[in-house]
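Taken straight from TrEMBL:
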| type | residues | note |
| --- | --- | --- |
| DOMAIN | A:73-259 | domain 'ABC transmembrane type-1' |
| TRANSMEM | A:23-45 | transmembrane segment |
| TRANSMEM | A:66-97 | transmembrane segment |
| TRANSMEM | A:109-133 | transmembrane segment |
| TRANSMEM | A:140-160 | transmembrane segment |
| TRANSMEM | A:192-216 | transmembrane segment |
| TRANSMEM | A:237-258 | transmembrane segment |
Amino acid sequence: MQATTVSTPAVRSTDQVAKWFHILWPPVLTFLVAIALWEGAVWLFEIPIYLLPAPSQIMATFLERPWFLLGIGMVTFSNALMGSAIGCSLGVLVAIFCVRWTFVADGLLPLAVAASAVPIIALSPLMGIWLGSVSAASKIGVIAVMTFFPTLVSVYAGLISPRADALLLMRSYAAPQRDVFLKLRMPAALPFLFNALRVCATLSMIGAVVAEFFGGPRNALGVYIKTQAGILRTREAWSAIMVACLYGLIFYLVIVLIERWVMPWKQRHSGQ
Amino acid sequence: MDTPIIEFERVSKIYQGGAGPVTALHDVTLRIAAGEFIALIGPSGCGKSTLMRLIGDLEQPSNGTVRIKAKTPDQARRDRDYGIVFQSPVLYDWRTIRKNVELPLEIMGRPKDQRRQRAMELLKLVGLGDFGDAYPHQLSGGMQQRASIARALSFAPSILLMDEPFGALDEITRERLQLELLSIWWEAEPRPTVIFVTHSIPEAVFLADRVVVMSPRPGRVQRVVEVNLARPRAFETREDPQFFALVTEVRECLRATETAG
Ligand SMILES: Nc1ncnc2c1ncn2[C@@H]1O[C@H](COP(=O)(O)OP(=O)(O)OP(=O)(O)O)[C@@H](O)[C@H]1O
Ligand SMILES: [Mg+2]
């Protein structure tokens, strides 16, 4: 009966490598094929560079001044990070309030669900009026609002996810409310929280770039994309878009890494 | 019988459901002595779970009184008199098996090394000594249920409430766990009082000192069958002619509830 269901660490790590290879090769291959097709199409149909540059040209443009592009990317990314930090923390906090005082939930949650389906980015010009159109504050504000609602809805769902039996168990131990929260509701909500964070990572980077289309400092990604596209310097615009993708991807991956570290029980679970 | 540990005095329970009130229990009077092993059996919907929940202060009676060690069930719950095992193991996914067993002790504020030692001791007792660091999903259903029994026993409650704990297991695992449960219960010091809900007649007879046979609509206690099989019981007990006689007696009793209902 020993060690039949619990694999040893050595077995697990080679399993993991094989598993990751298995998961990774189809999207990597698809990506490479898509890039190759794009490259081929641009050369074959002689598409003018101001309409659509080839991937190799975009890459070359990026390599001409990588530090400049990564630098302006950083300005935009730090807005995304700041905004989602504020939005997500507030979302978690309000979700906790909603569980503690259910009447708050009854009033707020239907609205929150509706709000997470609305294009909050449309608020950008208004945020510009309130907080200054060039300021980082207006961008951070939009992103905070964007990420607040999905986090609230998801974390609340997580906090109320424990089944009746799990709660009755706590009751039978005469557990104080604090323990029911810390030892049952919170850990049960973790997978929901990370689902929300992954969505917010993507959402906030999009939000940060788009918000800058409505105005921002000259050294920001959104402003750069907009001005370069405006004067038909498409290669420059595309290389900046590539940088936006890069930051978005890194943000997402960092969240995934934290998730695996915080929830070791899920990691092994997904191997089955 | 000396002073009962559990006392039901004309207890009724009426649920206010969507389709009008449902009388889940009607006029139940029952006394259970400390250290007794009681099996509750009866057709689905006859109020077995309700009876168990009334003992454990998970529901309140509509009429009559329930006394636990001469206290209210609420007081008994606050005194941590109850260990509960449900049909599903209800282990917390994010805790290792050992940490799951430690959970009640953690809530009750026991020191860390004492918790750990007690958890390991209990895991050994239920045959999971090597699985303390595994997560629940890495264990089979039977092993998970063993862990949940260890968790219920961790703080040495005086009353063990078990609602169809082996209901989801296969026959072979089930019979093995019945024996293990009996030996754990028999050797525990002090020996807890067990209320064990089941749908299986042989299981009820094999485990219990008394089998409480219930009948539905409304839920009542039909009869209480004394089981005078010697303890400690063993695998061979199931082949004893007296065992068969008792199984038959309980079965007849249940059939009578069917025709009466
Ligand atoms: N929370 C509730 N609200 C309304 N009615 C309920 C509730 N719980 C139980 N009942 C009703 O009370 C009656 C007894 O239910 P109970 O769960 O105690 O039966 P049981 O003997 O445990 O059944 P089973 O063997 O199926 O588990 C049933 O008719 C059921 O529909
Ligand atoms: Mg039941």
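Note: Cβ is positioned from N, Cα and C throughout, glycine not excepted.
Beyond the ends of the transmembrane segment (A:237-258), by six or more residues, the same chain brings 53, 58-59, 61-62, 69-70, 72-74, 76-77, 80-81, 194, 197-198, 201-202, 204-206, 209, 221, 224-225, 228-229 to within a C-beta distance below 8 angstroms of the stretch. In terms of C-beta pairs under 8 Å, the stretch of A:23-45, A:109-133, A:140-160, A:192-216 lying closest in packing to the transmembrane segment (A:66-97) is A:140-160. Highest Cβ pair count under 8 Å relative to the transmembrane segment (A:109-133), across stretches A:23-45, A:140-160, A:192-216: A:140-160.
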